Amino acid sequence: MLDLLDCNGKKDIKSMTLEEVTAQMAALGEKSFRAKQLYDWMHVKLAEGFDDMSSLSIPLRQKLKENYSLTCLKVVDERVSQVDGTRKYLFGLEDGHVIESVWMQYHHGNSVCISSQVGCRMGCRFCASTLDGLERNLRPSEMLEQIYRIQSITGERVSNVVVMGSGEPMDNYDNVIRFLRLVSHEKGLNISQRSLTISTCGIVPGIRKFAEEGLAVTLALSLHAPNDEVRKTLMPVANSYKLQDVLEACHYYYEKTGRRLTFEYSLVRGVNDNLDEARALAKLIKDQHGHVNLIPVNPIKERDYVQSGQKAIQDFKNLLEKNGINVTIRREMGRDIGGACGQLRRSYKEASAAPQCTEGEG
Ligand code: SAH
């Protein structure tokens, strides 16, 4: 069940669809054009509070305050890369948790990488986001807000969103689907579904269900190994789902949506980066419609994984290409400002032993 209450038990109006907002306003005795205005204040004008909604009467704003919460993230830290202009944000949630988001500039537009959960319970060995497990799921409004706040701060339109920050989107399925519908809604930020990507560690029932949603979103699969044996050493989820089943589900997603897939492969020295593994990977995905994105692993201090050397990365790429696979090497954006997925949040948590309220968590 979707939990649309915030941590104080109030209804989270920013997580509601326009139809739901309209029904809520009708229950308060308001006309439907008021619902449209409210929706516009939340999702287009990116208002930070009900009091900013100047086209709504003061009594109506008062009624809204009494009945609903308007989720708004607080900037706890902002870091700007001197190398490539990438910005990393730490946002504070109403219950004291912090989450991490990243803004990147590409020639085709601005992209934001958002978190879908506070922490993660998937346990991938090289990933900082999962070290303390899952704290809680993010609500749709908390995913939207990462984009809204960044767009307000930078003053620049966000054209691409990748759900590739902390968390496993398929482990917070209903909230993520609702988020995708809201962020691509024509009366909201209206980001094209083709410009949205969600990355999963490979939860088979989730991928199959996602294929049925009628969304034209790009699916990225965290593959990281060419066989189950190596994959199990990196990703505990590989004990639950066999690679063959994961890839079949991905192919089903392609057939249903027509969207080409992305296979993410983080290269770890001596673990998954030799040429036999490149050959096995090429064979594994040769019939899939998609490309491989090689990610030089970003070492975290809690683990002793080491990045593959430049030559090993290049050789791995060349071998895939020789076997007819499209490959890109992910540019390391914002290297100077907090490293990989979840590392900025982690260093913040270590530095501040701030108590966190857990009340009302879903
Ligand atoms: N749970 C989702 C999203 C996670 S993060 C998933 O598993 O896909 C997005 C990508 O970054 C995933 O491919 C993840 O495996 C990878 N990743 C996480 N930490 C990393 C690190 N330290 N170095 C390289 N890649 C990393």
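Every residue gets a Cβ built from N, Cα and C, even glycine.
Taken straight from TrEMBL:
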ACT_SITE  GLU100  active site, proton acceptor
DOMAIN    106-336  domain 'Radical SAM core'
BINDING   CYS120, CYS124, CYS127  [4Fe-4S] cluster binding site
BINDING   GLY167, GLU168, SER199, SER222, LEU223, HIS224, ASN298  S-adenosyl-L-methionine binding site
ACT_SITE  CYS341  active site, S-methylcysteine intermediate
Should we count any of the recorded positions GLU100, CYS127, LEU223 as near ligand 1, judged by a CB under 6 A from one of its atoms, and which?
CYS127
Using the structure shown, find which entry in CYS120, CYS124 (the binding-site residues) has the sparsest Cβ neighbourhood within 10 Å.
CYS124
Over the residue list GLY167, GLU168, SER199, SER222, LEU223, HIS224, ASN298, recorded for S-adenosyl-L-methionine, what is the maximum interresidue Cα distance in Å?
19
Residue among binding-site residues SER199, SER222, ASN298 with least C-beta crowding, 10 angstrom cut-off:
ASN298
For LEU223 (S-adenosyl-L-methionine binding site), identify the closest of the binding-site residues CYS120, CYS124, CYS127, judging by Cα separation.
CYS124
In sequence order, the recorded positions (GLU100, CYS120, CYS124, CYS127) whose C-alpha falls within 10 A of ASN298 (S-adenosyl-L-methionine binding site):
CYS127
Distance, SER222 (S-adenosyl-L-methionine binding site) to CYS124 ([4Fe-4S] cluster binding site) (CA atoms, angstrom):
10
What is the nearest of the recorded positions GLU100, CYS120, CYS127 to HIS224 (S-adenosyl-L-methionine binding site), using the Cα of each?
CYS127
Given the recorded positions GLU100, CYS120, CYS127, find the one whose Cα is closest in space to the Cα of GLY167 (S-adenosyl-L-methionine binding site).
CYS120
